[in-house]
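Take a look at the following structure, please.
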Amino acid sequence: MHFSTRLTFFIYLSVLSTCTAFSDEPANSGRGGHQRNVSRYIPGDFERSSPDPTANSKDFSNINSNFHHNSSVSMIINSTDNHHRFPKTWVANLFYDALVNFTVMKTVGSSACQKQTQMYIRHLANDSLWAVQMSDSWSRYPNGILVGTTHQMGVYEECVEVHRPVRGKYCIPDVHLGTATGEDFGKPDGELPGNDHAWREILGFVDNDNRIHRDNVKFGICIPDSCTAADLEISLQKQFDKHFLPHRVKALVRVQSILCSTDKDEYPYDAGFYLTSSLVGSIFLFCCLSTAYHLIVIVRSNNNRGEKSYKMPEILNSFSIIRNGRDLIKYDKNNELNIFNGLKVITMVLVLFGHKFLYLIINPIMYGKMLERVYTVGPDFLLTCLNLVDPFFYITGYLVYVLLIRQFTKPATNWHQIPTVIAYKYLRILPSYVAVMLLTAFVIPHLGDGPFWASRIWPEAENCKNYWWANLLAVSNFIKVKNQCLIAGWYISCLLQLLVIGIVVVYVRAKNPRVGICVMVLLLCSSLITPFVMTYIYQVYGIIRIMLSFLESPDNSFEFSNMYRPFYLRGTPYYAGLLAGVTVEELKKRAVKFSPRIVYAGTIIISAICVWVQLYGAVFYDVNRPYSVLEQSLYATLSHCTWTVILFWVTLCHFTSGYGPIEKLFNNRLMVPLGRLSYAVYLVNITVMMMIESRQRAAVYPSKEFLINGWIFGAVRTYLIGGLLYLIVEAPSGLLIKTLLNEKFSGYAVRRKYSETNDRASSSAAAAEAKPRDVNGGVKIAEQKDSTRL
């Protein structure tokens, strides 16, 4: 009985294998092996040359069925099971079948669209060059879906260079794939085993926000210019329903109008464009004329050999590139504050690297698995680097203290200097800030093109047109992220808010040292407690996680929108900088010095601990890790202490004992000028990176070499543009503001002196004269040695 049962089962399997081998649609193997019909995975090359594509496709299927062989018992059982569950045709072939002869439907759209579509179809049938060029510019057969290739780009220029008789329009539809029956394919987290069914990677995709969607396919397509995104969406949806629904797959098509473009500059040339262009052009021309005049003065002075001196008018001198260039490269090796220029340069270079990485990810990617490995194998620095602007806050806090405390401690000073210094700092920041906003809103949209140019540059321009007031009022860190003008605008607003607090606190410290220190400590403690409390209450992450949804749109992140930008959550490094100024001041008074062993050993140990804490945040990217609100709350506080503690220790050691030859790395003729450019570079860096990446035409392989090369290229271009902004806007406006404030307070001093001379003795008059000079000195001291903007 047992033998007969086994014999019967063996005969059944033999028959089943034979039938499977000679069937027109052999069963797909699931976990037991990939027994696929080759025609379902390779585009039908014979179809293009045959009047009946389906005939050759069937013949091709029959030919390849001869290559199938018998499998083991378990493989056949699994294959039979998956045959009823998964589509019988691979997704790329479904795309090919739907798109091989696709055109916009003749019955949709405007009359112009219908007319151009019919013309395109006729000329394509006759192999007219322009029509074939439009057809040849995009791919019908997607590849790389299983490894995270995000876009099937085609050739953008080949499409948009067609102008007559029909202008080509390049669009990027987004097709979301899902099961039409609602069946759960139970895909486990992470990568599938190699013998699993390929369709499970698509229909069973689990979105943990750390993998590129395998169930989304974005591809370029070329259509007549008169047809709209809606026309294309309707036509594609009908075509995809026709070919995908019979296989129990639902393909949902979405086409955004902003992702359709031609080679025409379609952004409007409004009055703002002409006014901004005229303003920038006039400033640049005036700088050139001032520089030419300055050059003539220098030549004449040299020819006269000191017999007659030529003096430039102050207004021309302020706009001279020669004068501002000299100020930029001026170097005083004995200036203790030079070390902060080196620290700013290093921090800025790292910030540029982070921004390059962030914009690389949202570009068309050829092999997405390479980027996905960052979430599992690192480098962890890229995952935890969003607190990298903390050093800027710390340096600003320290400079605010050391540059103002000496002025505020003079007997003749009073509280009237507080608004004076605040106004001066605001006016110094404003010109370059406004210039970048105007260029972003009205000029930059006209400076490039590409399939992604409009979708990334135009929204930023519209935000600057509609929400410029938030930047001018320094409240852009409190509006919605999606409405913010300039992505870096939140930092400028936050910095100005902290500057107001810092100036007031330094004044209090100058007039009442004990109260001032207590206020600083209280502010530091509150800035440490606030992130902990808010993280605990809202039960969110203690780190801004750089997930894929965040990269697509930062306002998708609750942490970024509510926990990253407010000044009361970013004050820790700034208040620590103020306290560092107090500590250094006291240590110098007591002549405290650390031995070289303590300096170097302390720096290494503290840096190691802080770097470990910094990189610890990478564990929060593990989707299987249990959430602990206490752990997240503690890290929300500690994450703002990493760079702060390192810089606090470095500051104490540098200003009391020194680092010896190592200081030359931060204090040299290269670092000091580059450090002075930090504010201008920070203003333009994201805009420059965005312009570079928005011109992308094709998918790229995200290798380390590609990232590093792009980082170097982007950094060089950013510093060049930042240097240009400094020479023609920041430096001239700074000199003009200083001159205007000096004249204002000088006039006030003369009037005050004349008034009090009639009523007081000469000694009292002299005292009265000194008082306004101190007010004027408040402006000068805020500017000497180094800028506190960054």
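Glycine too: its Cβ is placed from the backbone N, Cα and C atoms.
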Need the matching range: TrEMBL marks region 'Disordered' on one of 295-325, 760-790, and I'd like to know which.
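It is 760-790 that TrEMBL annotates as region 'Disordered'.
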Quick one: do the transmembrane segment (339-361) and the transmembrane segment (677-694) have at least 3 Cβ pairs under 8 Å, skipping pairs fewer than 6 apart in sequence?
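Since 3 or more Cβ pairs under 8 Å link them, the transmembrane segment (339-361) and the transmembrane segment (677-694) do come into contact.
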For the domain 'Nose resistant-to-fluoxetine protein N-terminal' (110-262), would you mind checking the mean pLDDT of the predicted model?
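In the predicted model, the domain 'Nose resistant-to-fluoxetine protein N-terminal' (110-262) has a mean pLDDT of 90.
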Which stretch from 381-405, 426-448, 677-694 shares the most C-beta pairs under 8 Å with the transmembrane segment (273-299)?
426-448
So are the transmembrane segment (381-405) and the transmembrane segment (488-508) touching or not, going by 3+ C-beta pairs under 8 A with a sequence gap of 6 or more?
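Taking Cβ pairs at least 6 residues apart, the transmembrane segment (488-508) and the transmembrane segment (381-405) are in contact, with 3 or more under 8 Å.
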Counting only residues 6+ away from its ends, which parts of the chain sit with a Cβ under 8 Å from the transmembrane segment (706-729)?
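Distal contacts: 283-284, 287, 319, 321, 324-325, 328, 349, 352-353, 355-357, 360, 431-432, 435-436, 674, 676-677, 680-681, 683-685, 688-689, 692, 700.
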Counting only residues 6+ away from its ends, which parts of the chain sit with a Cβ under 8 Å from the transmembrane segment (677-694)?
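Sequence-remote neighbours of the transmembrane segment (677-694) are 328, 341, 344-345, 348, 351-352, 355-356, 359-360, 362-363, 392, 429, 432-433, 436, 440, 444, 447-448, 450, 452-453, 456-457, 460, 486-488, 491-492, 710, 713-714, 717-719, 721-723, 725-726, 730, 787, 789-790.
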